[in-house]
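Worksheet: the structure to be examined is printed underneath.
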Amino acid sequence: MHFSWEVRQEESSFAKTKSASNADFDPIPPSKRTWNWGAYVAYWMADAWAVSNWEVASSMIAVGLSWKMAIGACVLGNTIMGLVITVNGRMGATLHTPFPVLSRMPFGYYFSYFVVLSRCVLAIVWLGVQTTTGGQCMTVLLTAIWPSFKNIPNHIPEDEGITSAGMIGFFLYFLLQLPFLCIPYTKVQYFFAFKSIIAPIIFFAIFGDTLHKAGGNLDNSSVINQGTKVSGSVLAWAFFANLNGVLGNYATLGLNIADFSRYANKPSAQNVQAIVIPIIFTIVGLLGIFTAAAAESAYGEILWNPIDIIGLWMESGSHGGRAAAAFGAIGLIIVTIGINISANSISAANDLMAFAPKYINIRRGQLLAAFIGSWGFVPWKILASAAKFLAFLGGYTIFLGPMTSILMCDYFIVRRGNVSVPDMYDFHGMYRYHPKFGTNWRAVVAFIIGCIPPLPGFVNNIVVAGHGTTGVSIGGQRIFSIGYLYSFVAAGVFYWAFNHFFPHTESIMDHAETGEEIIAAQDAKNVEKKQAAREAGRRSSIVARAFEV
């Protein structure tokens, strides 16, 4: 059998060469548009029930907000992001093209690579970070099954941020998640549906058990009783800073939601996200707060990480405690795998395809991202000294905000949906903008205007997280506190203004060219070829069996 580095090629609807697209990078054909509104509910159930979202209120309470204000920030932030995701998702649900292709429309062919790379690196790094979390869950599982596992001698230097036992857990989890990354994107919603059942069960079980150990009483917890420790303008800016953190939590998917909305069986199928996102994330945030409050009475300390609580179940030494910890760890492992598929690996795969569609499809892209994120970025060491790194990831939204608003402004306001999908796949088409540089200067300048003013505050945030100091003014810090909102609005407004006063008339159309008829015809041809191949295979099998007889 001959092996080829090139991916399987179906005849592309629009791309003229193998180097421009492949079957996964083309617009999703009608036969593969399998996601209905229920699939998007399952998708966000899979995404929201995560350890990171469970802990989302902890930092807010730590800086002086009451738990009610923390939840208020969660509700407002997730409502705003739900609207951004739904509106931006309309593009993918209508055109059925991935985010890297759509980004060519406002940014031009070559600058779009910068935009895609910015999103890709973030997805790969988070994939590695979530794999580290999954490795911690695997370590708990192995310890619950074999208590002597925790006594494995450590041969890894302490400054690496992981022990020998932890590395075994990390490696086993890494191997476990690989087959799940190979689930076809037309079928992955079934795994999301499975996780959407498992995840609430395990999180409610953790909350219920902790509340039971606390005697059902939360009144004595400092988490619940703590009022706001700051007031006036300090309180207002603390609220905005944490609201910005909530927005930043899913600013990545706010940018590339088309990677998932393009699977919609009809454009309205993904509209349910505007309702589902704020509801589910609020429930998860509340559970995190109330469980941390109950843990203070049950265990004598505030515990925000559910993995720590599951680990404590084993301390009784009973078989029941170990069994509960094992099942809890299995549940959290499923939760983490779901997060890596829904938020990280598919996004990274679409981005990687943009650079080499001849050799990378979604499956190869997911596996490549898993290897780079899990081993290339050594995420266990990153998390060992996480303050600066997490401050960087949180502040990265000042770059994602402008990209998102420019993309949305271009499609909905500047072009009013009148775009050409075939030209997005043609490197010499109307979205080239400049014959030599292939870049839209309007988008570049608007992007710079959006991200430069919050930049000093971004640097200050990273330095302060490492216990350093800077000379950034209070005004610069406050602009960063509303970094996502500022960068989103500023970039969008300036991009509209540039296009209003200096329009690129060559790419302005009075109708949309989605190429839907071409896509449908090509889809029918590809389906017919596959059916013919299967039929030929069936006949040859029958003939072979006849000769065997």
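For all residues, glycine too, the Cβ spot is worked out from N, Cα and C.
Just so you know, TrEMBL annotations are computer predictions that nobody has curated.
The feature transmembrane segment is assigned by TrEMBL to 69-87, 133-149, 161-183, 190-208, 234-253, 274-295, 323-346, 367-383, 389-414, 440-459, 479-498.
For the transmembrane segment (234-253), the partner stretch with the most Cβ pairs below 8 Å, chosen from 69-87, 161-183, 190-208, 323-346, 440-459, is 69-87. When each of 133-149, 161-183, 440-459, 479-498 is checked for Cβ pairs under 8 Å to the transmembrane segment (323-346), 133-149 comes out on top. For the transmembrane segment (274-295), the most Cβ-contacting stretch among 69-87, 133-149, 190-208, 367-383, 479-498 is 69-87 (pairs under 8 Å).
With Cβ pairs under 8 Å as the measure, the transmembrane segment (69-87) is packed most heavily against 389-414, out of 133-149, 389-414, 440-459. Long-range contacts of the transmembrane segment (389-414) within the same chain: residues 84, 87-88, 91, 102-103, 105-107, 115, 118-119, 122, 125-126, 244-245, 247-248, 251-252, 254-255, 382-383, 443, 446-447, 449-451, 454-455, 458, 461-462, 464-465, 480, 483-492, 495-496, 499, each at least 6 residues beyond the stretch ends and with a Cβ under 8 Å from a Cβ of the stretch. Below 8 angstroms of C-beta separation, residues 123-129, 131-132, 135, 160-162, 166-167, 170, 174, 177-178, 181-182, 340, 344-345, 348-349, 352, 360, 389 of the same chain, each at least six residues beyond the ends of the transmembrane segment (367-383), sit close to that stretch.
With a cut-off of 8 Å between Cβ atoms, the residues of this chain six or more beyond the transmembrane segment (479-498) that come close are 84, 106, 237, 240-241, 244, 247-248, 251, 395, 397-406, 408-410, 413-414, 442-443, 445-447, 449-451, 453-454, 456-458, 460-461.
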